[in-house]
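Asker: Per Swiss-Prot, the features are:
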SIGNAL    1-29  signal peptide
BINDING   HIS65, TRP69, TYR70, TYR96, HIS131, TYR231, ALA263, SER264, TRP291, LYS296, GLN297, GLU298  substrate binding site
ACT_SITE  GLU169  active site, proton donor
ACT_SITE  GLU257  active site, nucleophile
DOMAIN    350-499  domain 'CBM3'
Amino acid sequence: MKRSISIFITCLLITLLTMGGMIASPASAAGTKTPVAKNGQLSIKGTQLVNRDGKAVQLKGISSHGLQWYGEYVNKDSLKWLRDDWGITVFRAAMYTADGGYIDNPSVKNKVKEAVEAAKELGIYVIIDWHILNDGNPNQNKEKAKEFFKEMSSLYGNTPNVIYEIANEPNGDVNWKRDIKPYAEEVISVIRKNDPDNIIIVGTGTWSQDVNDAADDQLKDANVMYALHFYAGTHGQFLRDKANYALSKGAPIFVTEWGTSDASGNGGVFLDQSREWLKYLDSKTISWVNWNLSDKQESSSALKPGASKTGGWRLSDLSASGTFVRENILGTKDSTKDIPETPSKDKPTQENGISVQYRAGDGSMNSNQIRPQLQIKNNGNTTVDLKDVTARYWYKAKNKGQNFDCDYAQIGCGNVTHKFVTLHKPKQGADTYLELGFKNGTLAPGASTGNIQLRLHNDDWSNYAQSGDYSFFKSNTFKTTKKITLYDQGKLIWGTEPN
């Protein structure tokens, strides 16, 4: 595929510098700053995570699954893909202590080191997670924790990328004052001998839900935050009330783990509840990390079974949870805007020379059905693999359940796939898009898919107000439009997304 000359020259210069033994600052191919280059050393101001200039920062990213089980997904290639395609600004390396983790197999720490080194090169933040779970009392392996964090802080004490999470989810017969706080004071003391200022996150009771207890008896370290964990299908307003209480007491919160599923990790997904949580976190500028990057066959996993371990994932490789999380990282304004998913929306690359034509099957301004008809044409000189191509029709669903029918397709309705995606933040003329994909087939130069006739309706068969929909316009004949966007493996190649 063709790339711009400027990008080619930039890549060539980076290659030559690397061959010459010189190290360039981490940056994207377009020369924009990475999250760490932009924000630098993090600290706490009141309840807010701030950058070196004292400006509020909201980090967003994803956590590994247990490194002893799914460590193959943690490598520079996968993290680079997550940075560039998902827009993550933080990655969490979840090193279980029990269940075949560090206590039984200390070599698993090498995967943590690999994650940190990759994050340093890529300019993203990284959380070193001492992932207690079945060993619910952090004091059970306190000396091992001190030994581990002594090593990590001695290695990375001068690295602004690093965040320490010293007790994932204390649970069982533990409480803040008697068990967790004394443990944290000892481990923090070990870290601070080597690292005076990087952020330290401390888990709270009841699987990191009792931030209210920590808020009433806070640690003295100036750069400590308190972990809040939730799973959207299980935890609701009662937990947000605890968070509000903690914030009112001046306790900074970091959501180092949350899932779209229920608390088991394998029930759901609960997207409406997830949206409610993300709206809340955005309103408070609370950083978050989603669980989890793996292909485990459970609903909280971001990837479908068998997905590549080194990135390069197509949208079809993502689970419902992964699709939602990626969309919501890309669809919000934070430090990730320096690492865009796609070229500028105003000037997308026309890599394959493909375009889309549209006509309205129902031109009524108010109708209980939306009936877009479209065809995709290959205007280029090379054959296009339709499995890599997706199209998005942007419109307003107004939080109603959506239904899809393919009435006719020259390439066969059985070859057309679809999904509805609700935007975390509505855009001009759209709170939802219909994404079409194709199971197989190719387009030779000059060829077209032919007519694809679609029909959408609300669950309750209520009317749509099409006149304000971004992708809609009234036309009885096929016309080229840039308000229906096309993507190659998730990368925008035709059209303009709504603002």
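Every residue gets a Cβ built from N, Cα and C, even glycine.
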Asker: In terms of Cα spacing, which of the binding-site residues HIS65, TYR70, HIS131, ALA263, TRP291, GLN297 are within 10 angstroms of the residue listed as 'active site, proton donor'?
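Answerer: Passing the 10 Å Cα cut: HIS131.
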Asker: Look up HIS65 (substrate binding site) in the DSSP assignment and reduce it to helix, strand or coil.
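Answerer: It is coil.
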Asker: Using a Cβ-Cβ cut-off under 8 angstroms and a sequence gap of six or more, which residues of the chain neighbour TYR70 (substrate binding site)?
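Answerer: SER64, ASN292, LEU293, SER294, ASP295, LYS296 - these are the non-local Cβ neighbours of TYR70 (substrate binding site), listed in sequence order.
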Asker: In terms of DSSP three-state secondary structure, what is the assignment for GLN297 (substrate binding site)?
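Answerer: DSSP assigns GLN297 (substrate binding site) to coil.
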Asker: For the domain 'CBM3' (350-499), what are the DSSP-based totals of helix, strand and coil residues?
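Answerer: Residue counts in helix, strand and coil order: 9 helix, 78 strand, 63 coil.
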Asker: From the Cα of the residue listed as 'active site, nucleophile' across to the Cα of ALA263 (substrate binding site), what is the distance in angstrom?
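Answerer: ALA263 (substrate binding site) to the residue listed as 'active site, nucleophile', Cα-Cα distance: 11 Å.
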Asker: Report the nearest neighbour of the residue listed as 'active site, nucleophile' in space among the binding-site residues HIS65, HIS131, TRP291, GLN297, comparing Cα positions.
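Answerer: For the residue listed as 'active site, nucleophile', the closest Cα among HIS65, HIS131, TRP291, GLN297 is found at TRP291.
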Asker: Among the active-site residues GLU169, GLU257, which residue has the largest number of other Cβ atoms within 10 Å of its own Cβ?
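Answerer: Compared across GLU169, GLU257, the most Cβ atoms within 10 Å surround GLU257.
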Asker: Sequence gap of 6 or more, C-beta under 8 Å: which same-chain residues meet both conditions with respect to TRP291 (substrate binding site)?
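Answerer: Looking at Cβ-Cβ distances below 8 Å from TRP291 (substrate binding site), excluding near sequence neighbours, one finds ILE62, SER63, HIS65, GLU257, TRP258, GLY259, GLY265, SER300.
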Asker: Out of HIS65, HIS131, which has the highest number of nearby Cβ atoms, where nearby means within 10 Å of its Cβ, if these are the binding-site residues?
Answerer: HIS131
Asker: Using all protein chains in view, find how many other C-beta atoms are within 10 Å of the C-beta of GLN297 (substrate binding site).
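Answerer: Here the count is 10.
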Asker: Determine, from DSSP, whether ALA263 (substrate binding site) sits in helix, strand or coil.
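Answerer: DSSP assigns ALA263 (substrate binding site) to coil.
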Asker: Tell me, roughly as an integer, the mean pLDDT over the domain 'CBM3' (350-499).
Answerer: 90
Asker: Translate the DSSP assignment of GLU257 (active site, nucleophile) into the three-state scheme.
Answerer: strand
Asker: At its widest, how many Å does the recorded substrate site span between Cα atoms of HIS65, TRP69, TYR70, TYR96, HIS131, TYR231, ALA263, SER264, TRP291, LYS296, GLN297, GLU298?
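Answerer: Answer in Å: the longest Cα-Cα distance is 21.
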